[in-house]
C-alpha cells in the first residue's frame, strides 16, 4: 500500500475583512507541529495556522498545518467569507466558526485528534445571501453564535454542551441595516455569575446595535457617532467591584476608531430606557446597561478596517487601507488619553483588510495582517532591549485557482502559476544540516512573474541538469514568455540544499556577474520583466532590507520584496498562436517546447514546437486536434508527443529518424465520451494514461505497430481532472500513477504487466490521500518530482481551491 503525508500547503487568504482570525493565547495540538494560533479563509475551506515557539528561535515559525472542509455541495464561486477561531474550554481544544457566500454557517470542533463539522440549522425564512460576519462566545454550559447576512438578517444559534446547535432567534433588520461587523461577549454580574450575552453589530447604517441575549433577544441601544460604514467591532472585558465593565472598539470607513465604555449593574427591571447627554442607559432582562463614549482615536489616513484587543492588556491593534498597523495604548498618567505606541507597515501598497496579534517567545508579540490581494504579512518583535518590529517569513499563497505546476530539472524547486496572474517559485529548505526531502520545509523564494493576464500554464525547460535556468509561461494572451533565473534567486535556491552549500560558496562571483543579471524590474503599465544593468549578487544583499533570516545559511525574501526584487528577467517572447495559451510542455532533453492555445476552429488547434536554442519554430504546426488542446506531454525518451483536447480525442505524434527529427501525426483516436483533461507517460515510454470528464481514466500501450487500450477504463463517481505517472518505477515493471478528481480527492494506482502469457496490464488501487489533507476543490495538475539520484516520491498538486500542496508518498 501507498501512504501520502502532507508536507506543505500554501494558499492565499480570501480578500475579505473577516477572513482572518487569530488567538493570542495559543492552543497546543501536536508536540511536533506546535500550537494553533489563527485561522483564515481560503476559497471554500479554512486554513489553520500554527505557531511554533521555543527559546532557540528568534521568532515563532508560522505555517499552515491543516485545512478544514465540509461535505456540502459547492460551486466554483463558493468561498468562505467570515472566520472566527476560539479556544474551547469544553474540549480543552479549539473551535472554528465560519460562514460562506451561499449563506451557510459551519462550526468545527476537535476532539480526540479528529475534527468534527456541523452545519448550523438552515434559515428557511431568509434569502440565501452571503454571510458577512460571524461571532461567538461561551458560558460554562453553552456556546452562542451570531451570524450577519448581506440581506440585513442577524441570526443567533445556541449550542448546549454535548448537543447540536439550534436556531435561537432571527432578526430581520432590513437592507438598510446590513451588518458588516459583529462581536459577542458574556456578561458577568457582581456575584461572578454568567448572566447573559451582549452582541454588538454595525454596518452600512453607521450605527452600533447593542443586543442582550438571554432566553430572548432585547434591543438595547443604537450608538451614533460614526459617519461611514462600520467595518469592525471588538469587546474587551474586565470585572470590577462595581460590576462587569466592557470596552467596545469600533472601526469605520470614516478613518476613525471610537471607544465605548459599557457598565452593567443590577437595577430596577421596570426602569425605562433613558438617553442622557454624557451616556446612554438601557434596561435588559436582568441588568441595567450604562454606555458612555470614552475616546476618539485619530491616526489613520484611510478606512480603518479592523480592531483587536490584546488579551489581558489594554493595547488595541488597528489596521487600515493606508497600509499601516497601529498599536494604541492608554496613557499611564491619564487613563482617558490614548496614543499610538507603535506603527508598522510598508510604504506604498494598496491597503490592509485585517490584522491580529500572535504570540512570541519571552513575552514579545508578533503581528499578522491581511493585504488587499489576500497576502498575509507577518512582523516579529525583536528581542529586548529593542522594541522594533521587522518583517518575518509569512504564509504565502496564490489568491486564485492554481492552474499549473512544473518541477525544475533537478527537483530542487518548482514553479506554480495561477489566475491571480503570478508565477511563484517554491523551494525546499532543510532546517538542519539534512538534505533529505522528507525532512524539508517549503517556502516561496521568488515571485518570478507578476503579470497583467491570468496565467494558464508554465513549464521549466528540462535537460539542464546543472540548474533551474529557464521556464516558459502562457497566459490569457497570444504570447509565450521565456524567463531566465537571476543569479540571486539561483544562489538562494542552491543555498537551501545543505549538500550544495560548499559548491555555492566556491562559485566564482565574476563568472556569475558575466553570465546573468541580478534581478529584473517591472515598469509601470508594462507586462515585461526587464533586465537592469548587470550587477553582482552578494550574500549581504540577500540579508538586507526585505529579507528575513531562516537559519545561519539562508535569508528569505518577505513582504513586498517578493514582488519587486525577485522577478525573473524575460529573455524572449514567442509569437504564433491565435488565441490565449492553454498548455505548454518541455521535452526531457530540453531541446523543444510544445504549446497549444484555446480554439473553436481547427486552424487554431494546432500544436506548435519551438527550438530552445534560438527560440524559433522547429517545424510546421502539428495538425490533428479539432478543438482546444488542454495538455501536452513528451515521452521520457522524447520519441513521442501526446496531446489531449476538448474534442475527446488524443493525438499521438512520433519523431522521425534523420537529421531534422521532425514530429509527424501517428494516431488520432477517440478515447473518451467527454473532454480528456489530462495525460501522462509511463517511465518506459510505451504506455500512457488519459483522464476524462466521463469519470474514468484509461491506459494505452503499443502492441506491435498500433496503439490500443491496455485494459478496461477504470471508472469512478467523479470526473478525472489530472493524471501523472511517477518518473521512476516502484519495482520492476510496476509504475505508480496518481489520479486527481474534480472533488479534490487523489488516489494512487500501480500499473504492472502480468508475467503470464498473454501479457495484460493490471491496474490496482494502492492508496489515497486522506480526505482531511486533500484539496477542497478540483485537482488541476499533478506533478511528480524528477529523480535527483534518490528515490523519494514527492507529489506537487495544483488545485482550484487556490492551494499548492506537496505530499511525501511512501510505500509499505
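Cβ coordinates are placed from backbone N, Cα and C, and glycine is handled just like the others.
Listed by sequence, the residues of this chain that lie at least six past the ends of the repeat 'WD' (223-262) yet keep a Cβ under 8 A from its Cβ atoms are 17, 180-190, 192, 198, 200-204, 206-208, 210, 280, 289-298, 300-309, 314, 316, 318, 320, 328, 338, 354. According to TrEMBL, the repeat 'WD' annotation covers 223-262 (among others).
If you look up TrEMBL, you'll see 297-328 (among others) marked as repeat 'WD'. Look at the repeat 'WD' (297-328): DSSP puts its residues at 0 helix, 18 strand, 14 coil.
Residues 10-13, 15, 42-43, 47, 49, 62-64, 373-376, 378, 443-465, 467-468, 471, 473, 475, 483, 489, 493-494, 496-497, 562-563, 566, 586, 590, 777, 780-781, 783-788, 794, 796-804 of the same chain, all 6+ positions outside the repeat 'WD' (395-425), place their C-beta atoms under 8 angstroms from a C-beta of that stretch. Under the heading repeat 'WD', TrEMBL lists 395-425 (among others).
Positions annotated as repeat 'WD' by TrEMBL: 669-700 (among others). Across all of the repeat 'WD' (669-700), the predicted model scores a mean pLDDT of 96.
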